[in-house]
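Note sheet for the following structure.
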């Protein structure tokens with residue numbers, strides 16, 4: 001009985017550690033990212049520009065992965081977590097634990113940036129927190145489509161951007177192919193996010209992550225922006241939740257079809273190398 005109790009405690013302790021790691025990693029990503037958006041919007045272009053937002057998210061992703069990678073693997077993205085679960089790499093229980101951690105970290109990050117820039121937000125908007133219009137500030141925390149983009153076009157943008165995200169992640173981490181050295185993987189992933197922002201951010205602001213978009217949206221609904229954060233832009237909110245998940249799954253399918261299915265397991269490759277070495281000798 002005692003051994004069983006100890007085992008349950010160890011399992012719970014491990015789950016909590018992973019939850020907290022995902023929370024901290026996502027918190028780091030979001031504080032860097034959201035605060036950069038706040039500085040650009042509230043500074044009216046005098047304290048940064050679109051490039052600085054992309055760079056800040058890239059830096060945040062890099063540091064977030066360094067922070068959480070050794071404990072949870074640093075998913076920091078519900079779409080990645082769900083994909084890993086569908087592939088059978090993690091259990092549904094673990095997936096739920098990761099997503100709770102990500103949502104918690106993202107929500108707290110939104111609250112932190114709100115507190116950090118509260119005076120500036122209030123001054124910029126004259127105390128009127130709006131989702132649209134010349135003094136809108138909701139986009140500091142969550143993504144919204146450009147006025148000239150249809151809902152279908154916005155969905156396709158988020159889908160495609162997430163396909164590129166997961167393809168890049170797989171390329172960086174695939175040990176059976178040409179993986180980057182471990183210590184460089186967080187930096188390369190940060191550069192990957194930077195590249196996506198530079199090339200595919202115009203239409204939707206490249207959410208590419210339900211954990212990046214939904215928790216801050218919930219926070220803004222509570223903090224004074226109201227239900228307009230969910231009803232605005234033809235109820236846009238569900239797109240950065242579903243499109244990244246579908247894009248992540250499709251990206252994995254493409255990678256497996258083009259690369260992974262044709263690669264032999266790494267241990268077989270090493271064995272063949274050893275055999276070749278023996279034959280050469």
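Using N, Cα and C of the backbone, Cβ positions are placed for all residues, glycine too.
Curation does not apply to TrEMBL; its annotations are automatic.
Taken from TrEMBL, the feature transmembrane segment applies to 20-41 (among others).
The transmembrane segment annotation in TrEMBL covers 53-74 (among others). Listed as Cβ neighbours of the transmembrane segment (53-74) (distance under 8 Å, sequence separation of 6 or more from its ends, same chain) are residues 17-18, 20-22, 24-33, 35-37, 40, 98, 101, 185-187, 189-191, 193-194, 197-198, 201.
Within the chain carrying the transmembrane segment (95-118), a Cβ under 8 angstroms from the stretch's Cβ atoms is held by residues 15, 18-31, 34-35, 38-39, 42, 72, 75-78, 81-82, 84-85, 140-141, 211-212, 214-216, 218-220, 223, all 6 or more beyond its ends. According to TrEMBL, the feature transmembrane segment maps to 95-118 (among others).
Under the heading transmembrane segment, TrEMBL lists 149-172 (among others).
The list of residues near the transmembrane segment (184-208) in space but at least 6 beyond its ends in sequence, with Cβ under 8 angstroms from a Cβ of it, reads 50-51, 53-55, 57-63, 65-66, 69, 74, 77, 79, 139, 142-146, 149, 153-154, 157-158, 160-162, 164-165, 168-169, 172-173, 239-240, 244, 247. Taken from TrEMBL, the feature transmembrane segment covers 184-208 (among others).
The transmembrane segment annotation in TrEMBL covers 235-255 (among others).
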